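*Asks:* Got a structure here, written out as structure tokens. Questions coming.
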Amino acid sequence: MAKGIFITATGTDIGKTYITALIVKKLREFNINCGYYKAALSGAERIDGKLIAGDANYVYNIADINGDPNDAVSYIFEQAVSPHLAAKLNNVEISMEKIKKDFSYIKNKHDYITVEGSGGIICPISMGKEKIMLENIIKIFKLPAIVVADAGLGTINSTILTLQYIKEKNISVKMILLNNYNHEDIIHIENKRYLSDNLPIPVYTCNKNSNNLEIPAEKLIEYYEEI
């Protein structure tokens, strides 16, 4: 039975893909067969007429995963907009059945699977024939979550609001990870202290441009759950 976890964030461009890559890399360096999946990706680059799933490509390169990164993404769009809008612009109907099928394909190839979300936690994936929000995908796969937040000013508000929304959806959160952390920045230090003192889950940090996650692999695998 495979184990999985979902990586979400307090907003767009917080560093989900970067953190996801470091998590997968850490586990694979620990000789754990960890894979990657993303339901929908926007802002793909077109190279020689083919759309390249940039986030997946980044994770595959950093974590040294063999295979075609595009196989790890169900829907790939060129426009850098919300998935539901990208689907509308391209006359594509996003299907939960396809997402489930593609997820199962990746899951069957790995012992652990790290699933990356799109944007923040409140993200419409499809508003066509099927109404799919990001949390629907998390819940259908019964995944716990890790929330990535920026370490800087405003993160107390955005992190707690994100956690409140996730709690209302009955999704388990295993930890908070403050990205772009500076150990000499008083705001970053205070944000970590406040969140650590006021939340019932651990708060970790990741230094800006780090090529390694300081959380031990043994601790990371404890957060994955059977799916």
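Just so you know, glycine gets a Cβ as well, placed from its N, Cα and C.
In TrEMBL, annotation is done automatically, which means it is predicted and not curated.
Straight from TrEMBL, here's the annotation block:
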type	residues	note
ACT_SITE	Lys38	active site
BINDING	Asp13, Ile14, Gly15, Lys16, Thr17, Tyr18, Asp55, Glu116, Gly117, Ser118, Gly119, Asn179, Asn180	ATP binding site
BINDING	Thr17, Asp55, Glu116	Mg(2+) binding site
BINDING	Ser42	substrate binding site
*Asks:* Please give the maximum pairwise Cα distance, in Å and rounded to a whole number, for the ATP-binding set Asp13, Ile14, Gly15, Lys16, Thr17, Tyr18, Asp55, Glu116, Gly117, Ser118, Gly119, Asn179, Asn180.
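*Replies:* Farthest Cα pair among residues binding ATP: 19 Å.
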*Asks:* If you count other CB atoms within 10 A of each CB, which of Asp13, Glu116 wins among these binding-site residues?
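*Replies:* Top count of Cβ atoms within 10 Å goes to Glu116.
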*Asks:* What is the total of other Cβ atoms whose distance to the Cβ of the residue listed as 'substrate binding site' is within 10 Å?
*Replies:* 22
*Asks:* Under a criterion of Cβ-Cβ distance under 8 Å and sequence separation of at least 6, what residues of the same chain contact Thr17 (ATP binding site)?
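*Replies:* For Thr17 (ATP binding site), the qualifying residues are Asp55, Tyr58, Val59, Glu116.
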*Asks:* Within 8 Å of the centroid of the Cβ atoms of Thr17, Asp55, Glu116, which other residues of that chain place their own Cβ, given that this set defines the recorded Mg(2+) site?
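*Replies:* Neighbours within 8 Å of the Cβ centroid, excluding Thr17, Asp55, Glu116: Ile7, Lys16, Thr20, Ala21, Tyr36, Lys38, Leu41, Ala56, Tyr58, Val59.
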*Asks:* Fill in the CA-CA distance, Asp13 (ATP binding site) to the residue listed as 'substrate binding site', as an integer in Å.
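*Replies:* Cα of Asp13 (ATP binding site) to Cα of the residue listed as 'substrate binding site' measures 12 Å after rounding.
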*Asks:* At the Cα level, what's the spacing in Å between Gly15 (ATP binding site) and Lys38 (active site), rounded?
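*Replies:* With distance taken Cα to Cα, Lys38 (active site) is 15 Å from Gly15 (ATP binding site).
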*Asks:* Using C-alpha atoms only, work out the spacing between Gly119 (ATP binding site) and Lys38 (active site) and round it to an integer in Å.
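*Replies:* Rounded to the nearest whole number, the Cα-Cα distance is 12 Å.
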*Asks:* For Gly119 (ATP binding site), list the number of other Cβ atoms lying within 10 Å of its Cβ atom.
*Replies:* 20
*Asks:* Relative to the Cβ of Gly117 (ATP binding site), which residues of the same chain, six or more apart in sequence, are found under 8 Å away?
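*Replies:* Within the chain, Gly117 (ATP binding site) has Cβ neighbours under 8 Å at Phe6, Ile7, Thr8, Ala9, Lys16, Lys38, Cys123, Leu134, Ile137, Ile138.
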*Asks:* How many other Cβ atoms are found within 10 Å of the Cβ atom of Gly15 (ATP binding site), counting all protein chains shown?
*Replies:* 21
*Asks:* Using DSSP with the three-state reduction, classify Thr17 (ATP binding site) as helix, strand or coil.
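*Replies:* Thr17 (ATP binding site) sits in a helix per DSSP.
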